[in-house]
Ligand code: DHB
């Protein structure tokens, strides 16, 4: 029997596929739809302390090869998502979940994480260090000094299971430098990758999204090779206690298989989920199971991280 069950930290999941933050996770209704699908878990829309309306529309567009977005962190505010994951955690038969968070400033991030620390929530938290779409706010994780400072401060008070969402890196030296920082902290996971930031898609003579004169984060086919490289680079560099969540360009079972081969313990669906809906979880799970069966693999452990190189 083939199993796609997995584990992140002390949490067991019946399936290794879940949504990527930003897709199907803005409202309780959307989160409940993911919960009742074949997904192994859900992650909430990245929450700020207060609710935000986000950027003007159009702010998300699907393309033949993926998607571009500049949402600008629209969300219903921390309490909305925190209350929901606590409610869910107390529901018999509930899956374990992930709460995604970031402040609009380091101070706000600490305020948020202190609230979560003091709450009844015992599940996973994903601190988003990689939002590319808020005008005037650079991505935290491209500034290694700030990233190190924030993590140092966070782990001075935060004792619950925490992971981070990373942007793609494009240079071997940056993989080395980033991994050296992450290895200093008791992170449960790193999630590679967020969208490739600040791409530009044009139709006829005009940009396709309104914010930032059309600049936005790319997802889908455009980003799979970059995502796989980041998953594998961090799998090879991080302490074994820090697991990898693979995100980027997954639209088939083969894509999920490749993320796991590169070292991912869990795989998230973004653009494909937006395009296809929650049916994508069952389809991609079945495709992954078929590949595993053909290769004689029974569990993800049989092939996770076992990417072959050419001698
Ligand atoms: C948004 C986009 C991201 O890639 C992210 O990590 C967080 C927020 C957004 O534009 O809403």
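Backbone N, Cα and C define each Cβ position, glycine as well.
Because the structure is a prediction, the values reported are computed rather than measured.
Residues or ranges marked as domain 'Dihydroorotate dehydrogenase catalytic' by TrEMBL: 5-292.
On its own chain, residue 248 (FMN binding site) has 168, 192, 193, 219, 223, 224, 226, 227, 228, 230, 259, 270 as residues at least 6 apart in sequence with a Cβ closer than 8 Å to its own Cβ. According to TrEMBL, the FMN binding site annotation covers 45, 46, 128, 165, 193, 220, 248, 249, 270, 271.
Residues near residue 128 (FMN binding site) in space but far in sequence (CB under 8 A, at least 6 apart, same chain), listed by position: 21, 46, 100, 101, 102, 164, 165, 194. Here TrEMBL flags 45, 69, 70, 71, 72, 73, 128, 194, 195 as substrate binding site.
According to TrEMBL, the active site, nucleophile annotation covers 131. In the three-state DSSP reading, residue 131 (active site, nucleophile) counts as coil. Taking the Cβ of residue 131 (active site, nucleophile) as centre and 10 Å as the limit, one finds 26 other Cβ atoms among all the protein chains shown.
Rounded to a whole number, the C-alpha distance linking residue 195 (substrate binding site) with residue 131 (active site, nucleophile) is 9 angstrom. Spacing of residue 72 (substrate binding site) relative to residue 45 (FMN binding site) is 12 Å (Cα to Cα, whole number). Looking only at other Cβ atoms within 10 Å, the busiest spot among the binding-site residues 72, 270 turns out to be 270. The domain 'Dihydroorotate dehydrogenase catalytic' (5-292) scores a mean pLDDT of 98 in the predicted structure. By the rule that a residue counts when its Cβ sits under 6 Å from some atom of ligand 1, the recorded positions 45, 131, 193, 248 yield 131.
Cβ neighbour count within 10 Å across all protein chains ranks 195 highest among the binding-site residues 70, 195. For residue 45 (FMN binding site), the same-chain residues lying six or more positions away in sequence with a CB closer than 8 A to its CB are 21, 22, 25, 26, 74, 75, 76, 81, 100.
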